[in-house]
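K.L.:
Sharing a structure with you now.
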Amino acid sequence: MGGIEFLKGHGTQNDFVLLPDASGRLDLTAERVAALCDRRRGLGADGVLRVVRAGALGEASDGEWFMDYRNADGSIAEMCGNGVRVFARYLVDAGLAGDGHFTVGTRAGDRPVVVHPDRTVTVDMGPATITGTSVTVVAGSPFSGVAVDVGNPHLVSVLEDDVAGLDLREQPDFDHDVFPTGVNLEFVNLLGEGALRMRVHERGVGETRSCGTGTVAAVAAALHLAGTDTGASTVDIPGGQVTVTVARGAATLTGPAEIVARGELDEAWWAAAGE
Ligand SMILES: N[C@@H](CCC[C@H](N)C(=O)O)C(=O)O
């Protein structure tokens with residue numbers, strides 16, 4: 001019996017292990033996800049994208065494929081904006097997605113995607129909803145922020161000082177009553193009309209080099225603070241650049257998606273990782 005097929009990919013250096021598992025038969029425990037994502041004892045990644053047929057895990061979707069997304073610590077998240085681009089890139093490369101216009105099911109709902117010839121992908125991210133305000137504390141310094149729901153929770157703080165100066169090695173504190181399931185924290189500089197710079201500390205991962213849902217939240221929050229719900233912006237993250245549009249609160253995300261490797265997991269390693 002052969003090993004378990006995997007691929008490695010990234011979107012603006014937010015990196016993922018992909019597990020093609022059409023029938024949803026793999027026993028993908030939190031322990032196995034954490035082992036896969038470990039950068040020393042596993043393959044190393046910010047998260048896992050299991051590729052399953054819609055319905056195989058009992059999740060409803062009008063699309064043919066469902067993205068079962070897991071964070072590096074093994075926790076389940078509703079949505080991943082960089083991940084869904086890489087997921088779409090894989091389906092097209094594998095000949096599983098026709099002309100590149102299709103819908104991916106996620107726990108946050110269906111996400112229509114367009115895979116472009118230049119290897120970028122545009123995702124209809126659905127609504128980016130402003131849900132209030134809250135405060136995060138980084139290395140003892142409090143920052144007020146705008147809470148945004150992009151299918152998953154975000155708190156966006158716009159800073160005067162350069163975000164490059166923040167120490168995000170430790171988990172920043174946040175109000176656990178406001179975010180009982182945790183929150184993704186974005187720190188943003190406004191660079192001028194239609195341009196932002198962002199760093200992110202992701203729920204279930206730590207600081208990453210990019211977060212697609214986070215860039216959408218950042219643009220929605222910046223527009224909200226400017227008194228509007230419509231606009232477009234580039235977002236520079238440590239891993240590259242994406243473009244976000246927001247029209248009356250509904251967002252699209254465009255950015256690169258790359259598949260960099262494919263191979264087989266060792267069966268004995270997989271078995272031991274589940275213990
Ligand atoms: N990196 C992702 C977001 C992944 C999920 C997030 N950590 C959460 O727990 O909500 C993205 O590109 O959106």
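Glycine is treated like the rest: Cβ placed from N, Cα and C.
Curation plays no part in TrEMBL annotations; they are all automatic predictions.
Quick caveat, the model's predicted, so the values are computed rather than measured.
Pulled from TrEMBL, these are the listed features:
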{"type": "BINDING", "residues": "Asn14, Asn71, Gly81, Asn82, Asn152, Asn184, Glu202, Arg203, Gly212, Thr213", "note": "substrate binding site"}
{"type": "ACT_SITE", "residues": "Cys80", "note": "active site"}
{"type": "ACT_SITE", "residues": "Cys80", "note": "active site, proton donor"}
{"type": "ACT_SITE", "residues": "Cys211", "note": "active site, proton acceptor"}
K.L.:
Helix, strand or coil for Glu202 (substrate binding site)? Use DSSP.
P.N.:
strand
K.L.:
For Gly81 (substrate binding site) and Cys211 (active site, proton acceptor), determine the Cα separation and express it in whole Å.
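P.N.:
So the alpha carbons of Gly81 (substrate binding site) and Cys211 (active site, proton acceptor) sit roughly 7 Å from each other.
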K.L.:
Quick check for the class: what is the C-alpha distance, in angstrom and rounded, between Cys211 (active site, proton acceptor) and Asn14 (substrate binding site)?
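P.N.:
Cys211 (active site, proton acceptor) to Asn14 (substrate binding site), Cα-Cα distance: 7 Å.
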K.L.:
Helix, strand or coil: which one is Gly212 (substrate binding site) in, per DSSP?
P.N.:
helix
K.L.:
For the binding-site residues listed here, Asn14, Asn152, which shows the highest count of neighbouring CB atoms within 10 A?
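P.N.:
When each Cβ's neighbours within 10 Å are tallied, Asn14 leads.
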K.L.:
Can you tell me how far the Cα of Asn14 (substrate binding site) sits from the Cα of Cys80 (active site), in Å?
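P.N.:
Computed Cα spacing between Asn14 (substrate binding site) and Cys80 (active site) is 10 Å.
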K.L.:
Within 8 Å of the centroid of the Cβ atoms of Asn14, Asn71, Gly81, Asn82, Asn152, Asn184, Glu202, Arg203, Gly212, Thr213, which other residues of that chain place their own Cβ, given that this set defines the recorded substrate site?
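P.N.:
Filtered neighbour residues, in order: Gly47, Ala77, Met79, Cys80, Gly83, Val200, Val205, Thr208, Cys211, Gly214.
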K.L.:
Expressed to the nearest Å, what is the distance separating Gly212 (substrate binding site) and the residue listed as 'active site' at their Cα atoms?
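P.N.:
Their Cα atoms are separated by 7 Å.
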